[in-house]
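Chemist: Features from TrEMBL:
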type	residues	note
DOMAIN	3-446	domain 'Anoctamin transmembrane'
TRANSMEM	6-25	transmembrane segment
TRANSMEM	78-104	transmembrane segment
TRANSMEM	124-144	transmembrane segment
TRANSMEM	165-185	transmembrane segment
TRANSMEM	322-345	transmembrane segment
TRANSMEM	379-401	transmembrane segment
TRANSMEM	407-427	transmembrane segment
Amino acid sequence: ELDDKLFVINAFLNIIWATGFLIFWRRRQAELAFKWNTLDMEQIEATRSAYTGELRRSSVTHQNEVYYPSWKRLLFRLFVTIPMIGINIVLVSFLILLIIRFQSWVDRQLKDGHLPHLMSLTELFPKILLALVTTIFSDVYKSVCRWLTIKENYREQQKHDDQMVGKLFACACVNSYFSVFYIALFTHKYIRLSHQLTTIFVIKQFWGNIKEAIIPYIVSNTRLSVLIQMSKKERARYAERKDLNKELKRILDEWRNSELDKAERQKDNNAYTTKAVDDILTDNTLNRRCSDITFESLSLSQAEIECSQPKWEDLYEDYLEMVIQFGYIIFLSTLFPLAAFFSLLNNIIEIRTDAFKLCMIYQRPFSQRVKDIGHWQKIMEYMVFAAIIINCIFCSTRGVVRRLVPDLPFAAEIFILVCMEHLLILLCKVIRSTIEYVPHWVRVEKSIMEHRRREALKKLECDALHLKENRSHNYDE
């Protein structure tokens, strides 16, 4: 009974923490946006370079602009996007279900002694296989979602990003949560759930670091080594050419000295011969540059090294990883309290991994002025409401209510859980509406800046009016 009470208290505190975290995240976000002067930034987005369509005269600018009809986009989403995403989700769900059934079969065979234990490797093999399958499918999902979003042909970048985020999150939810929810809701084997989550956290973090940092680092260093070797060969070639130029120049100088007495008569011919020999034998273009060429100038500079590095693609994967970890905490921390610890450990490692990628592997990305994290904020707020429903379901499936109130009918239990779910959602909404998203001092500073702007505008108008009156007075005189 104590465990059941602690389970309910943990679920309640978990929901309150998630709500408060998002509120204070928004407050901190507003503070940083104010300091960086992006809080009230209304970004006027230009047309995406990849946006295609037919030219049509705009009713606003009266100029020809690219236009893509919305009905084509709607048809593509209905008959291509939704079926493809649905097929991918069904396929990965089917594979995950097969691996879970394979895990059950392995556990039964190990229990009966029909399979060798091999230091727990046999038992861990299906878990590792599941983590690898979900990791591989996450890369497949990203490529498919990127292709579908490009084909939907959105005009603004913000709309393009929102659609990309929605597709990625929908696929990632099934890819990340299907196996653990199936174990928790249908098999009720919570020890296996703990092992599964531990394996997912460890294997995904390990494979993610290999895929995102180690493999690109090896590829980048290999490419850089090839470029350095090519640079050394070029330096050797230029050094040999430089020595040849010096020798040919010495021969030509001796030949000029021997022909000094015939300089007036053979002036034009000598100049032509010198130029021909210099161009053909000594490559006159390189000869003119050889005085400026040094071994240091022919080596790769820092700018050339960074230009040879791959470009940073986008932040979809980084945001998605954080949001999925946030979901593990609010969805499953009541069943697996170590989820928060593993998420913290993964984030600490991820900070250093991302810093390593930015400094050592990829080109520095161009900064973008934004006022918030965009669509990801709404997704996390919706996830809190989903977490309330899921935790109420866990209370029912674990039999918490029946053990706390033994004589309670099943219909009354469902009614109580529905009432608790509605009350928690109402409580979260009340907390959000009570606490301001923008801190008080930020609102005060914004009011001061607005007051100064209006006063400056009034002064400018008064100065312009006085100047006009003075000009008219001088004109009358």
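Even glycines carry a Cβ here, placed using N, Cα and C.
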Chemist: Thinking of Cβ pairs under 8 Å, which stretch from 6-25, 78-104, 124-144, 379-401 has the most of them with the transmembrane segment (165-185)?
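Modeler: It is 78-104, which has the most Cβ pairs under 8 Å.
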Chemist: Should anything in the same chain at least six residues away from the transmembrane segment (379-401) have a Cβ under 8 Å from its Cβ atoms, list it; otherwise answer none.
Modeler: 4, 7-8, 11, 14-15, 18-19, 22, 165, 169, 181, 184-185, 188, 323, 326-327, 330-331, 334-335, 408, 413-414, 416-418, 420-421, 424-425, 428
Chemist: Could you tell me whether the transmembrane segment (6-25) and the transmembrane segment (322-345) are in contact, taking contact to mean 3+ Cβ pairs under 8 Å with a sequence separation of 6 or more?
Modeler: yes
Chemist: Are there residues at least 6 beyond the ends of the transmembrane segment (124-144) whose Cβ is under 8 Å from a Cβ of it, and what are they?
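Modeler: Sequence-distant neighbours of the transmembrane segment (124-144): 84-85, 88, 92, 95-96, 99-100, 102-103, 106, 168, 171-172, 175-176, 179, 195-196, 199-200, 203-204, 207-208, 211, 316-317.
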